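S.K.: Got a structure for you, questions after.
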């Protein structure tokens, strides 16, 4: 009798565990969805049941060969596999306490972020050139591979580079600092160069397929907005630009929700040249407007300090107080500033 209860308890926990990890799209076939329809979903970029459950019906109907009735059936089956209803704040609090934080390499910066870069959400870093945005990205691409007890995420990193600033040599220097094998670290980083805004979005579909295959802890887009500044120009194209950017950020948020990866994006700043700039203490503001502001969970403002020191300020966060921390850019990545 005790044995049976134990087995039932084990079965319950395994069901619970399954409901939290991303489930491959092939699970829908077991629920009576036609194999051809599942293939169509996969070709359209839906690689997990979660991706289907989180998608609006309109998106499924746009797939060639999926009628409204089929879309309804697919969404109904996906909803059975993915818990999307209400839960108590206690349960949610429990789930939040299990969230992994990835170290930035600087103790002061980690303290400011209450542990590091949070997985399952979008962290945006913005600032002028030479403020350390890309250096933090390079350091994170290595620290996310560390064991959890050393402040890592025990997963691979994915790096989408839009400005051609990715340097594997920097990763090797950071790997040496943490006593990791350089070749293993480089093997665990998937790198892609994005050449235009459509390509940048297309890469996220590939990212989703790769995340199903192996465990990724971090997705970096450096910089998320650079190509939007050149592909769309003038006020006439502003609305089209913001819609495209909103779609890109929505996909990033979906990847963070689906796979629990930490998404880190960098953003550039624009100088305000209107009359109001004369009265502002700092006339620079991040580009992308309200759309990027609402999509990011945590926004960090980086600025130059003296010498190699940089200052990071929490610009916007749902739970972190507005505060500042100093860090330094060293030969072996981001570290603490020396007094």
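Cβ coordinates come from backbone N, Cα and C, glycine included.
As the structure is a computational prediction, the values presented were derived from the model and not from experiment.
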S.K.: Test of record reading: of 54, 191, 216, which one does Swiss-Prot tag as phosphotyrosine?
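M.R.: Residue annotated phosphotyrosine in Swiss-Prot: 54.
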S.K.: Candidates are 57, 64, 70; I want to know which one Swiss-Prot annotates as ubiquitin cross-link.
M.R.: 64
S.K.: Looking at 13, 119, 134, which residue has the phosphothreonine feature per Swiss-Prot?
M.R.: 13
S.K.: Based on what Swiss-Prot says, identify which of 58, 73, 80 is the ubiquitin cross-link one.
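M.R.: Checking Swiss-Prot against 58, 73, 80, the ubiquitin cross-link entry points to 58.
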S.K.: If I go by Swiss-Prot, the feature motif 'Nuclear export signal' sits on one of 245-260, 261-276, 277-292, 293-308. Which?
M.R.: 245-260
S.K.: Annotation phosphoserine per Swiss-Prot: which of the candidates 14, 19, 106 has it?
M.R.: 14
S.K.: Do you know which of 90, 309 is annotated phosphothreonine by Swiss-Prot?
M.R.: 309
S.K.: Return the single residue from the recorded positions list (54, 129) that has the minimum number of other CB atoms within 10 Å.
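M.R.: Each of the recorded positions 54, 129 was scored; lowest Cβ tally within 10 Å is 129.
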S.K.: When you scan the chain for residues with a C-beta under 8 Å from the domain 'HhH' (48-77), skipping those not six or more beyond its ends, what do you find?
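M.R.: Long-range Cβ neighbours of the domain 'HhH' (48-77): 22-25, 27-28, 31-33, 36-37, 40-41, 84, 208, 212, 254, 257-259.
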S.K.: Including all protein chains displayed, how many Cβ atoms other than that of residue 128 (ATP binding site) lie within 10 Å of its Cβ?
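M.R.: For residue 128 (ATP binding site), the 10 Å Cβ neighbour count is 13.
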S.K.: Can you tell me how far the Cα of residue 133 (ATP binding site) sits from the Cα of residue 309 (phosphothreonine), in Å?
M.R.: 13
